[in-house]
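Structure first, then comments.
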Amino acid sequence: MWKAARFAASSLRRSRRLSTAIPGPCIVHKRGADILHDPWFNKDTGFPYTERDRLGLRGLLPPRVISFEQQYARFMESYRSLEKNTQGQKNSVVSLSKWRILNRLHDRNETLYYRVLIDNIKDFAPIIYTPTVGLVCQNYSGLFRRPRGMYFSAKDKGEMMSMIYNWPAQEVDMIVLTDGSRILGLGDLGVQGIGIPIGKLDMYVAAAGFNPQRVLPVMLDVGTNNQKLLEDRLYLGLRQPRLEGEEYLSIVDEFMEAVFTRWPKAIVQFEDFQMKWAFETLHRYRKKFCMFNDDIQGTAGVALAGLLGTVRAQGRPLSDFVKQKIVVVGAGSAGLGVLNTAIQAAARMTGNDETTANKLFFLLDKDGLVTKQRNNLDPAAAPFAKDPSEIDGLREGASLVEVVSLAELLEVKKIRPHVLLGLSGKGGIFNEEVLKAMRDSDSSKPAIFAMSNPTMNAECTAADAFKHAGDNIVFASGSPFENVDLGNGKIGYVNQANNMYLFPGIGLGTLLSGAHFISDGMLQAAAECLASYMTDEDIQKGILYPSINSIRHITTEVGAAVVRAAVEEGLAEGHGDVGYRELKHMSKEETVEYVTRNMWFPVYNPLVHEK
């Protein structure tokens, strides 16, 4: 694997073919201090004397030329010093301090920033992405120093078509869009939710090699219903309640039309929209524009990969996935997305319809077990509601403890689920009683997925899961936890079931295939690729997902799987100088190499001034 990763890195530096690679030398239309103030071109003290003369930089920098490697080492020394000096302080203080030092580098020197991020992704992903990004969003108005991305608001109705041309990049490949209505499990954070698209796109660059000059974070500010923010004197967004109904949709419509008028080949990822708008916008735009919703489709793909892994961990063939009893807690966009994807997978394996495949899946929301007897049943949850005849005595709204354990006093048949999966956003809902009930699972290796973010919203901790449910479980979470020492030399492995394993590869594969529609087949190919990535030896230890250190290699494989799926479904059109015909005749290995060589990698390119 590591040989492949090193080959990938060297190939990336040689890449010149597609738009995700930066040609060298770079042409700049600036001189002097303007270059130093542009983080894309700035090399700090790394400009050689020939460039200092050519670009009017002599005298604007200290005389010593510091190499890229020396700058890298200097930053890492500063970062490790910060870690040492903040030992013993509150986690929130330490996390924000780490985010600030990385953000300052990002504002000053993007090339060095992304190289540091790529090389230290395991350490830095939790800082620029979940869980710290949630804390950043909560405090964004106070942390704001420099604008990043674009802001479209309800006040801009009728102006978006002209506004989109204010963005300086001539081409954009990937856009991450949020309206701030449901940031992680933190609720409505309004315009402060811009931190999520910024963090997501940093992962697109670091994991998938997207060119950072061709990505765009976007905040769609339609107001906020968070009274605390409306009363905050530092709040940077519109001070008005959120738009609703057709008024809301007209704003999103105008934005999407503007984006795809200027950049018809762009991909838009919808992120952290409240459930009603997450599903509505996915259905509204999916077949018209190249877009996907990561909360619905990305989370579902990562969860499906983990669920397939739990079947392997039991020593059973993947075809036995259709026999797994799965309880999903949380009926938001992510929970329903997981159910829908898992049921589709089960239906494909059996050749049955989805109604038949649905029988072993159980959905709970804040009011308990969802059945067809529910008053005012949410239309999005209706396909997963249980018929009373299917649950043998369980009542509408039955609690999680009742569903998981079904105490003998109830005189009903036990469900004994193989998997308990949480996307509820309610920290600690998998309490001691629930976890102990999982000891009676019909699985030889019961699986507990506490997938809600950030960490404080996880349904349980890893330590509690292993303590109460037993040593023989498989555990996964959305935010990172440390592995658990079980004693006697045994380790309880923690799997981070985070979307970062899939969304970069989905985006990259879609871009390089030239597809204008992201199909279920492309998404399922991504999930199945991730599920098959781990060795049987790792799976038997309870390790379902690979180390984040290998995220770039994982993304290459996932991206190639998406390209192949797009080709097989006739959706691929090619990209750059590689057409559909060339893609169609590529072997699996050639597709991986094609994806690898077109991933951007940060190095200092020679700069040439042009008026």
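Note that Cβ sites are derived from N, Cα and C of the backbone, with glycine treated the same way.
A quick note: this is a predicted structure, and the numbers were derived from the prediction, not measured.
According to TrEMBL, the features are:
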{"type": "DOMAIN", "residues": "106-286", "note": "domain 'Malic enzyme N-terminal'"}
{"type": "ACT_SITE", "residues": "TYR129", "note": "active site, proton donor"}
{"type": "BINDING", "residues": "ARG182, ASN453, ASN498", "note": "(S)-malate binding site"}
{"type": "ACT_SITE", "residues": "LYS200", "note": "active site, proton acceptor"}
{"type": "BINDING", "residues": "GLU271, ASP272, ASP295", "note": "divalent metal cation binding site"}
{"type": "DOMAIN", "residues": "296-567", "note": "domain 'Malic enzyme NAD-binding'"}
Site with most surrounding Cβ atoms, counting all protein chains shown within 10 Å, from the recorded positions ARG182, LYS200: LYS200
10 Å Cα neighbourhood of TYR129 (active site, proton donor): matching recorded positions from LYS200, ASP272, ASN453: LYS200
Within the predicted model, mean pLDDT of the domain 'Malic enzyme N-terminal' (106-286): 97
Those binding-site residues, out of GLU271, ASP272, ASP295, that come within 10 angstroms of LYS200 (active site, proton acceptor) at the Cα: GLU271
By Cα-Cα distance, the member of binding-site residues GLU271, ASP272, ASP295 nearest ARG182 ((S)-malate binding site): ASP272
In the chain carrying ASN498 ((S)-malate binding site), residues 6 or more apart in sequence that have Cβ under 8 angstroms from it: THR130, VAL302, GLY478, SER479
Distance from ASN453 ((S)-malate binding site) back to ASP272 (divalent metal cation binding site), taken between C-alpha atoms, in Å: 12
GLU271, ASP272, ASP295 excluded, remaining Cβ within 8 Å of their centroid (divalent metal cation): THR178, ARG182, ILE183, ILE196, PHE270, PHE273, ALA278, ASN293, ASP294, SER333
Residues that sit under 8 angstroms from GLU271 (divalent metal cation binding site) by C-beta distance, when 6+ apart in the chain: VAL176, LEU177, THR178, ILE196, PRO197, LYS200, ASN293, ASP294, ASP295
